[in-house]
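Listed in TrEMBL:
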type: DOMAIN; residues: 70-497; note: domain 'Major facilitator superfamily (MFS) profile'
type: TRANSMEM; residues: 68-89; note: transmembrane segment
type: TRANSMEM; residues: 105-125; note: transmembrane segment
type: TRANSMEM; residues: 137-156; note: transmembrane segment
type: TRANSMEM; residues: 162-186; note: transmembrane segment
type: TRANSMEM; residues: 198-219; note: transmembrane segment
type: TRANSMEM; residues: 225-245; note: transmembrane segment
type: TRANSMEM; residues: 294-317; note: transmembrane segment
type: TRANSMEM; residues: 337-358; note: transmembrane segment
type: TRANSMEM; residues: 378-398; note: transmembrane segment
type: TRANSMEM; residues: 410-430; note: transmembrane segment
type: TRANSMEM; residues: 437-459; note: transmembrane segment
type: TRANSMEM; residues: 471-490; note: transmembrane segment
Amino acid sequence: MSSPTYLLDKETEKDIEKDGAFTTSSTASVHSLAKDEVKIEVSDPNIVDWDGPDDPQNPLNWPNSRRWGSVAVVSGITFLTPLGSAIFAPGVDLVMDEFHSHSDLLSGFVVSVYVLGFAFGPLTIAPMSEMYGRLPLYHICMTLFVICNIACALSTSLNMLIVFRFLAGTFGAAPLTLGGGTIADVMPASQRAKAMSVWVLGPTFGPVLGPICGGFISQNIGWRWNFWILSIAAGVGTLLGFLLMKETYAPTLLDRKTKRLRKETGNMNLRSKLDMGLTPRDLFWFSIVRPTKLLLFSPIVLFLSIYVAITYAYLYLFFTTISDVFANQYHFKKELVGLSFLGLGVGQFAGQFVYSYFATKSYNSHVKKGGFKPEHRLETMIFGAIIIPIALFWYGWAVQAKTQWMNPEVATFFFSLGMLFIWMPANVYLIDVYTVYAASAMAANTVLRSLAAAILPLAGPKMYAKLGYGWGNSLLGFIALFLLPIPLIFMKYGERMRTQSTLKL
């Protein structure tokens with residue numbers, strides 16, 4: 001199976017849709033070739049491409065119902081796998097009691113090890129998807145995700161639970177890693193922000209809803225039922241994936257078309273426009289190192305991933321500490337502690353609509369002015385960059401001063417709202433810039449944020465014990481303030497960075 005080497009450049013930015021907006025639907029120019037070579041390749045009669053710009057086989061030209069149906073299914077399974085990251089967090093004490101363990105480190109690790117799996121899964125999932133297509137990876141990983149959660153429900157020891165939690169996270173990383181790429185495959189630039197606002201509900205709202213549901217489940221029918229319910233829901237989602245999802249990755253589709261035409265015509269010289277001519281071994285090596293190359297050598301991927309990773313780690317720090325705050329300081333009953341996550345959840349939910357409105361308004365405004373560039377996606381990021389440190393200072397000192405419980409709860413709402421305004425623009429920007437390699441860019445992003453989300457919650461309790469909630473959250477707020485210039489820098493210099501990049505993928 002072939003795959004292209006593909007990076008947006010100035011020629012790509014001239015690819016204009018009917019509405020005059022920036023898009024990558026023509027699958028960009030081949031980065032490793034000179035312009036005159038590209039022209040020769042396009043005129044080569046042995047090159048297999050789409051049958052014109054309106055080819056119905058091109059996922060970008062699918063009917064709206066089919067394209068949005070793909071987004072809906074992917075968004076559904078993307079909601080379920082992050083849901084599993086924290087669904088049994090309120091019942092972790094019951095787990096530790098059953099397995100006769102009293103280690104605070106292990107009680108935190110049995111929750112965060114799942115997110116550690118999120119960090120390792122994308123390193124293989126993303127490159128494999130760019131070699132063999134997205135669909136097989138969705139099917140295989142989601143099936144294994146269901147099996148691992150069943151194993152968690154049947155665990156006979158803490159070690160068994162930890163191992164299968166890690167594996168569930170590893171396979172559950174598939175929709176997180178591939179979802180952005182699927183959206184890039186089927187959605188033109190004009191609809192991408194709206195589609196992303198639906199898809200991102202999974203990684204943002206799922207972990208928030210998990211503890212709310214998990215608290216009631218653990219207390220009433222036992223902690224194992226968290227995994228049984230998750231397995232059933234994921235099983236339904238996996239079945240729908242088998243029935244409704246189709247392959248969307250352009251290189252895979254063109255490769256299939258090439259093989260079909262070779263068989264029909266007998267012309268073995270036919271090759272896909274996106275075929276690099278590499279051996280399977282070389283292709284695998286190129287694909288497997290691509291996320292790492294992006295993370296290490298692309299400032300755009302590196303610094304946006306760092307920003308997203310830190311805010312995501314803050315979210316998971318809330319997950320592991322907010323229950324103690326509302327149980328011990330505000331005396332919430334155990335079955336009601338999960339409701340303390342509502343501020344985070346409502347913030348995420350409201351943020352989807354607020355972001356979608358302003359992102360669409362920004363997009364249309366720039367189109368009317370003569371053109372839309374990927375860097376314009378980052379304008380809405382400024383709001384999140386400002387509100388997150390404010391919310392952290394607010395929450396920390398509200399808890400420290402033991403104000404009425406609604407005060408810190410409202411602060412978590414604004415933190416969650418601000419986090420979404422970091423997440424969404426960063427992800428859509430990466431998809432716009434790397435399109436066909438969106439899975440690798442998202443993999444690099446997912447690896448870094450998952451590592452941060454797994455590590456910071458382990459250090460959080462000690463930080464709060466030493467600094468208190470006031471200065472502890474102030475430290476986090478100062479770090480967020482330090483990161484504030486990142487969107488401004490890329491708004492000004494991002495276009496120059498990507499168009500002058502010599503990085504070959």
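A Cβ is built for glycine as well, from the same backbone N, Cα and C atoms used for every other residue.
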*Determine whether the transmembrane segment (225-245) and the transmembrane segment (471-490) share at least three Cβ pairs under 8 Å, counting only pairs 6 or more apart in sequence.*
no
*Quick one: find which recorded stretch in 105-125, 162-186, 337-358, 437-459 has the most Cβ pairs under 8 Å with the transmembrane segment (198-219).*
337-358
_So, taking each listed stretch (68-89, 294-317, 337-358, 410-430, 471-490) in turn and counting its Cβ pairs to the transmembrane segment (378-398) that are under 8 angstroms, which one gives the highest count?_
410-430
_Please tell me whether the transmembrane segment (410-430) and the transmembrane segment (294-317) touch - that is, whether there are at least 3 C-beta pairs under 8 Å between them, with each pair 6 or more apart in sequence._
yes
*Grab the same-chain neighbours of the transmembrane segment (294-317) for me: Cβ-Cβ under 8 Å, and only residues 6 or more beyond its ends, written as numbers and ranges.*
86, 112, 115, 204, 207, 344, 384, 388, 392, 415-416, 419, 422-423, 426-427, 429-430, 433-434, 437, 440-441, 444-445, 447-457, 460, 476, 479-480, 483, 486, 489-490, 494, 497-498, 501, 503, 505
*Among the ranges 337-358, 437-459, 471-490, the one whose Cβ pairs under 8 Å to the transmembrane segment (162-186) are most numerous*: 437-459
*Please figure out which one of 105-125, 437-459, 471-490 racks up the most CB pairs under 8 Å against the transmembrane segment (68-89).*
105-125
*Report, as numbers and ranges, which residues of the same chain sit near the transmembrane segment (105-125): CB under 8 Å and 6 or more residues beyond its ends.*
84-86, 88-89, 92-93, 95-96, 137, 141, 158, 161-162, 165-174, 176-178, 288, 291-292, 316, 319-320, 439, 442-444, 446-448, 450-451, 453-455, 457-458, 461
*In the same chain, which residue numbers or ranges, 6 or more beyond the ends of the transmembrane segment (437-459), come under 8 angstroms Cβ to Cβ?*
6-7, 105, 108-109, 111-113, 115-120, 122-123, 125-127, 129-130, 134, 173, 176-181, 183-184, 287, 290-292, 294-295, 301, 304-306, 308-310, 312-317, 319-321, 426-427, 430-431, 505
